[in-house]
Structure formats: structure tokens, C-alpha cells
């Protein structure tokens with residue numbers, strides 16, 4: 001009898017079949033990843049394992065047996081005894097997944113007391129114990145903190161601690177690291193790995209990120225439209241995918257360890273350097289680091305193309321008096337025609353603030369940008385969230401026409417014609433003018449956002465995390481579109497992102513930011529192949545590898561580094 | 001906790017500034033009314049000599065800002081009013097004299113305030129228990145018969161005027177069933193038991209209507225909280241529904257309930273006119289209406305200020321409670 005036995009699982013919400021006849025089995029102590037894009041039904045499966053659909057009106061068919069409990073047949077009480085005690089779940093967003101009003105230790109203690117007859121005091125002690133176990137420093141004191149006083153990584157550790165409290169046989173992790181920075185992600189994945197080694201619990205990992213799965217599990221199950229596409233040992237599925245969809249999925253994943261290449265015949269990632277060169281705009285981006293050390297170490301990058309955007313000594317402070325802090329501190333950079341400058345950093349590194357200053361949405365506290373002066377029509381922006389950055393009550397055509405109207409364009413026929421052109425330019429149809437944002441998919445909405453940025457005939461487009469809200473295959477298409485536009489229109493792109501692999505795929509030059517400063521810059525391959533700055537090295541080591549063997553090697557390196565650090 | 005202390009201090013300063021602003025506006029609006037202010041203040045039956053005396057005492061010859069300053073002085077330090085032959089001392093906080101009723105405004109308010117506070121705070125206890133309880137129950141039993149019945153009742157409650165409920169209660173309880181005597185105000189300090197029995201019907205009729213609003217608010221914010229991720233977490237960890245509802249979901253509904261409650265308590269101190277009139281309670285609301293009726297300006301100014309004071313204090317208190325309930329508020 002396995003730990004999890006799922007046979008012919010079908011989950012329907014009204015007309016929609018989210019999961020359709022899914023079967024799999026997980027042995028005790030084994031680890032399986034459910035991998036798929038959004039809407040593939042992977043999270044629905046995770047919820048079904050704990051019977052969380054009960055009472056929601058969803059239709060659930062087939063059989064689910066977890067740790068000896070038949071989830072479909074079990075009474076409410078039996079189900080409660082399974083949840084948290086024998087199978088515990090770790091959720092994606094650790095902030096919203098914890099009650100904001102209670103101390104973290106109290107929340108863990110509450111769960112513990114539900115499943116044991118422990119006294120309040122014993123439960124509280126258990127909470128401290130598991131918090132300590134997941135690496136929360138000073139666990140006694142920190143157990144009295146509320147979730148908002150924890151950092152993102154610590155919150156996720158706290159949720160994992162809650163899961164550990166009753167020593168479950170199965171841990172279900174639903175996108176456990178999606179909301180986290182890459183270095184923190186590596187820590188959390190390493191923690192899960194160690195816990196599994198020590199406790200022998202089974203792991204069901206739900207993720208959209210093949211890289212995350214590669215280093216963490218023994219088996220992978222690729223899902224699409226609620227069905228199994230491919231299921232097998234991780235090395236086989238990733239090394240020699242049998243199904244075309246798996247191949248497509250893997251092909252679309254940007255690799256941090258590979259130089260920029262055209263995947264699948266230049267269709268997916270059509271960002272090649274030769275195009276820019278052929279257009280007669282061979283150029284480069286020079287970035288001078290804020291740290292004098294790196295600035296001296298690195299020879300200045302020869303700038304050839306026309307400078308379209310230059311920032312010198314940019315600084316931006318938030319808050320006043322004692323609470324003032326500099327989100328961006330002494331950053332200088334130049335962007336040349338036809339070039340892509342990647343700006344990469346973790347949350348809080350100041351990359352978004354920098355991007356907003358470049359567009360003119362934020363006034364720098366110090367330093368200058370040229371060409372300067374308020375909002376610059378020749379610098380446009382593409383935003384991260386294609387849903388919230390479009391007005392839901394206006395047609396996409398109207399949204400795209402905004403920059404034209406702002407420029408003083410009054411001829412309605414001319415505006416319509418131009419918008420139609422722009423829509424076609426970004427791969428949509430001219431007839432989409434009168435449609436509303438909700439009628440489009442995420443990728444299409446991001447295309448609308450790009451069309452709007454193009455409307456003002458900019459010379460530079462600053463893209464702030466333009467693909468991080470998109471599925472990997474859609475992401476590849478949008479990245480390809482941006483590259484195409486750059487090549488054909490001679491645009492310069494500033495590509496702000498946290499995803500090191502995507503930045504490598506699109507950029508000519510890259511600037512690595514940390515704490516408001518640029519710690520390393522240079523040609524993208526140089527920075528990625530031989531990083532000088534220890535922080536860059538740390539970032540790169542934290543990126544999940546697609547090859548399980550490489551992932552294991554990196555984990556060993558990280559572990560050694562930690563032990564070394566602890567020994568000092 | 002320095003963040004919290006600082007937060008409370010900032011709120012106190014805010015209260016003071018707001019009160020000062022209210023007093024300026026009220027004072028100016030009422031004393032710049034068209035017509036002879038001394039004549040209006042003194043009342044229609046005053047002799048010219050009396051009117052002149054009032055004009056002197058109100059310092060109508062001085063510019064407005066001097067008069068206002070004098071008014072503030074009286075509030076803080078008290079004031080002496082000379083009638084030519086005798087001197088009347090009005091101790092701080094002095095809100096002036098009511099010439100029409102021949103009383104000091106502060107004294108007048110002090111006799112009415114306990115009645116209004118008794119009514120409002122007693123009623124508050126009932127409306128909170130009833131309203132929040134109903135709200136929790138209808139969120140819990142969402143979509144079932146219980147919820148529909150409760151929603152229907154609260155809808156009726158919101159839509160029924162207080163004088164209808166109050167009248168029905170009085171007719172049924174006092175008239176038909178003779179369970180209680182017709183209400184008559186008894187001071188808490190005289191006889192606490194009689195105080196409570198006599199206020200029971202006014203409490204209920206005010207509370208029933210307020211409770212309806214609280215039930216709706218509690219229900220909607222509970223449903224909002226119940227849809228949040230952390231509720232899913234506790235369900236996924238086998239925590240029972242009772243605990244999820246009372247410990248986690250209700251906690252999330254606290255903040256809006258506190259805010260609405262502060263607002264309603266504050267305004268009911270001066271605004272429960274209908275209830276007070278219906279049950280013959282000599283409270284602030286009734287007196288205020290009377291004072292407006294006969295244009296007794298010093299009384300109107302004084303009472304509006306006191307009512308404003310309660311509204312502002314109640315809201316500031318709510319902010320502090322809010323911060324106690326949710327520490328993230330302090331950071332914002």
C-alpha cells in the first residue's frame with residue numbers, strides 16, 4: 001500500500017473539468033512533482049488529496065487514498081484527523097497563508113493541539129521546537145512574532161514548521177517557493193530536502209517551475225488540461241522527454257547556464273545579436289558600478305551606438321528623517337540604440353525604483369537623467385501585471401490610444417488606424433480594438449501593454465518584470481516579441497527582472513543590483529560565465545538547475561558553503 | 001512598544017486639533033447668524049434692558065476672534081458673569097449661560113448626559129451581542145435556511161423606524177402583557193435595578209435597529225475573511241469549523257465592527273432623539289431639539305460641542321482599539 005493512491009481522479013467546477021481521470025501512486029518516503037502551467041489542474045489535485053473540495057460544490061470523482069484514509073469515503077472527523085496530522089500542506093503565499101492576528105508560535109500550537117492531547121504549554125514548546133528545526137533563529141522569542149514581522153523566507157519556514165508539528169507521513173507543497181527570491185528559494189528547497197532525508201516523509205511538490213522540481217524529487221508527473229502528459233523518473237522525463245508537450249515546455253524554459261541561443265528554429269526566442277548588428281545599430285550599454293572597487297576592476301565598456309538614455313549618479317530616497325532610506329543609491333548607466341540592458345536583482349534591490357525613474361514616473365532625489373525633464377514620451381514602460389495595468393472598463397484600443405491622445409493627436413480615424421497597426425505589430429488582430437482586457441489571456445494582455453508602450457514611438461522601453469506573471473511558454477513568446485521589436489524598430493530595451501535565466505536570454509549587457517547599488521555589470525555572457533562579485537556568484541548558484549545531477553551538485557556546494565560559514 | 005505609544009500620542013494630538021476645529025466652526029456659524037444675536041439669545045420676552053445686559057455679557061462689541069478666545073478661556077478656566085448687581089460664577093468647563101432657561105449650559109448638559117449615556121451604552125451591549133452574533137451565524141450558515149431567515153429579519157430591522165419598534169414593544173410588553181411598567185427614567189445612582197428595568201425597552205428598540213446594521217456588516221466581513229488564504233490553511237490542518245469561525249474569521253471582522261460601533265455610539269449620544277422622545281427620556285438629543293426649536297444659541301453651541309466631543313473621542317478610541325486588534329496598523 002503506497003502513501004498516496006490516486007485512481008481516476010476527476011474534479012469538476014460546474015462545466016469545467018479541472019482534473020480529468022488522473023491516476024498516480026506515491027510510495028512511502030518518495031517524492032513526486034506535479035508540473036504544469038497555470039490551469040493544468042495541478043493545485044486542484046493537491047487540494048483533492050486533503051479533501052479540501054468537500055463542501056465547496058465541486059464535483060470530485062474517482063478514488064483518493066492518503067496514508068490509509070480514503071479521502072472520498074472518510075467522515076468529516078476522519079478527514080480532519082488526516083489533515084495536518086498525517087498529511088500536511090505548505091502553501092504558496094506564506095504571508096496570506098498565516099493568520100495576521102496571532103503570533104506564529106500560537107498558530108502552530110493551535111494546530112498541534114487539534115491533533116494531540118497536549119497541554120497549552122506543551123504545544124507552545126512544540127511550536128518553538130519545530131520553528132528551531134526549520135532554522136528560525138532565536139525561536140523562543142520569534143515564536144511570539146506575528147507573520148508581518150517575518151521576512152518572506154522566514155514565513156515560509158514558519159509554514160513548513162507548522163507542517164512538521166505533527167510529524168506527518170506526507171508533505172504536500174503547493175508552489176512553496178514561487179513568491180520567494182531565488183536565494184531564499186534555494187534555502188527553502190534545501191530545507192525541504194534535508195527534512196525529507198531526516199524524517200523519511202513523502203513529498204508531493206506542485207510547481208510550475210521545472211527547475212524547482214528537478215532538484216527536489218524522484219519522479220515527475222507533467223500535467224496539462226487536467227490530464228497526465230508524461231510521468232516517470234525525473235532524469236528520464238527531463239533528459240529524454242517522450243511527449244511533444246514536455247519537449248515544448250522544457251524548450252521554453254530559459255537556461256541560466258547557456259548562452260543566448262535560438263530555441264526551436266528562432267521562433268521562440270528570436271532575440272539574436274546578429275539582427276541588431278545587421279540593422280546597423282551595433283552598440284553596447286555601459287554601466288558604471290557604484291562600488292569603486294568594481295568600477296576599477298572592470299575596464300569601461302566601449303560604447304558605440306547612439307546614447308538614447310543616460311543616468312548619472314541616480315539616487316532615490318523614501319521616507320523622511322530617521323526613517324529615510326535610499327532605494328537606489330548612486331547608480332549610473334547608459335542605454336544605447338538597439339540594445340537590451342538587463343537589470344537583475346532580488347526583491348528590495350531597487351530595480352523597480354530605478355526603472356520608474358528612467359521612465360520619469362519617479363523623480364530622483366539626486367543625480368540626473370538625460371534626455372531629462374518629467375515624463376519622457378521617448379521612454380515608455382511595460383508593466384509587470386498585465387491584468388491590473390489595463391483599465392478593465394475601457395477597451396484595449398482606447399488604452400493603446402492613450403499615449404497618442406496625450407501627444408495631442410485628435411484625428412479619430414488616424415488614431416484608430418495607428419492602433420490597428422500597433423495591434424497587428426504585437427501579434428494581435430486589428431479587430432481587437434473594441435474588446436476589453438478580460439477577453440484576453442495573460443500573454444495577449446501583455447502584448448496589449450507592449451502595443452501601448454509602442455504607441456508613442458519611443459526610443460527606449462523599460463520593461464518591469466514583463467514576463468514574470470506569465471506561464472513559461474507564453475513567457476517565451478513575449479520575450480521573442482520584444483526581441484523582434486528591438487531588432488526591427490531599433491528600440492533600446494531596459495529589461496528589469498528577478499529571473500536570472502530570462503535576463504540572460506534577452507540581454508546584451510547586464511547590471512546586477514543589490515541594496516540599491518549596482519554590484520556588477522558587463523556583457524551578459526561575461527557576467528554569467530565568470531562573475532566577479534561574490535553576490536552574483538551566490539545568485540547564480542541559487543538558480544535551480546534542470547539537470548538533476550547538476551542540481552544535486554549545486555546543493556552539495558551550498559551545503560558545504562553553509563557548513564564552512566557555520567564553522568567560522 | 002514605543003511605536004504603539006507614539007501612535008496613541010499622535011491620535012490624542014489629532015483629537016485636540018479636531019475638537020478645536022469643531023469649536024471654531026460651531027461658534028462662528030451660530031454667532032454670525034443674521035439678526036440681533038442678543039435678542040435671539042435672550043428670547044422673545046426680554047425687555048430692552050435685559051437684551052442690553054446679554055449683549056454686554058456676550059461682548060458683542062468685541063471682534064469675533066476676541067469673543068471666541070473668551071469662550072475658550074471660559075472652557076478652560078471658568079468665567080464670571082456680572083448682572084450689574086450680582087456676579088454669577090460659571091466654573092470650568094464653562095459653556096456659557098442659557099438666558100432663556102436661566103441656567104448654566106454646563107449644568108444643563110450634566111443633567112441630561114447621564115440619561116443619554118445610560119441609553120446608548122446599555123443599548124450598545126445589546127446591539128453588539130445581537131448584531132455580531134447574528135452576523136456570525138448567517139456567515140457560518142451561508143446559503144442555508146438559517147441564513148435566509150436571519151437576512152430577512154435584519155432587513156426588516158434596518159427598514160423599520162425606531163418609533164414603530166418602540167411603540168410596538170411598549171404596547172405589547174407594557175400595555176397588553178403588563179410585564180413592565182411604562183418606562184420612566186430612574187437614575188443609576190438612585191436605584192440600579194429600577195434603572196435597568198426602566199431602560200430595558202428603550203435599549204431594545206434602539207438596539208434592534210442598530211443590531212441589523214451590525215449583523216450585515218459582520219456577515220459581509222466574515223465572508224470576506226473566510227475566503228482568505230489563512231482560513232484555508234487552518235482548514236487544511238484539520239482545525240475544526242467552530243474554531244475557524246470564532247477564532248480566526250471573527251477576528252478579521254473585528255476592525256470594521258469597531259469602526260462602525262465608534263461612529264454609532266458617538267452619534268447616538270446626541271442623535272437618539274426619537275428613542276428619547278418616545279420613551280420620555282430627558283436626554284441630550286431631546287434637549288438639543290428643544291434648544292434648536294426655541295433658538296437658545298448658547299445651549300445649541302454647547303450641546304453640539306459635547307456631541308462632537310463624543311463622536312471624536314469614540315473614533316479615536318476605535319483607532320486605538322483597531323491598532324490593538326491588528327498591530328500592522330501601527331506600522332502604517
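Quick reminder: no glycine exception, Cβ is built from N, Cα and C everywhere.
Listed ranges B:90-110, B:195-215; the one TrEMBL annotates as transmembrane segment is B:195-215. Note: the stretches the transmembrane segment (B:252-274) and the transmembrane segment (B:12-32) are not in contact (fewer than 3 CB pairs below 8 A, sequence gap of 6 or more). The listed stretches are B:12-32, B:115-137, B:149-175; of these, B:12-32 has the most Cβ pairs under 8 Å to the transmembrane segment (B:294-318). Within the chain carrying the transmembrane segment (B:195-215), a Cβ under 8 angstroms from the stretch's Cβ atoms is held by residues 118-120, 122-124, 126-128, 130-132, 134-135, 138, 150, 153-158, 160, 162, 165-166, 169-170, 173-174, 180-181, 183-188, 257, 260-261, 264, 268, 272, 275-276, 278-279, 281, all 6 or more beyond its ends.
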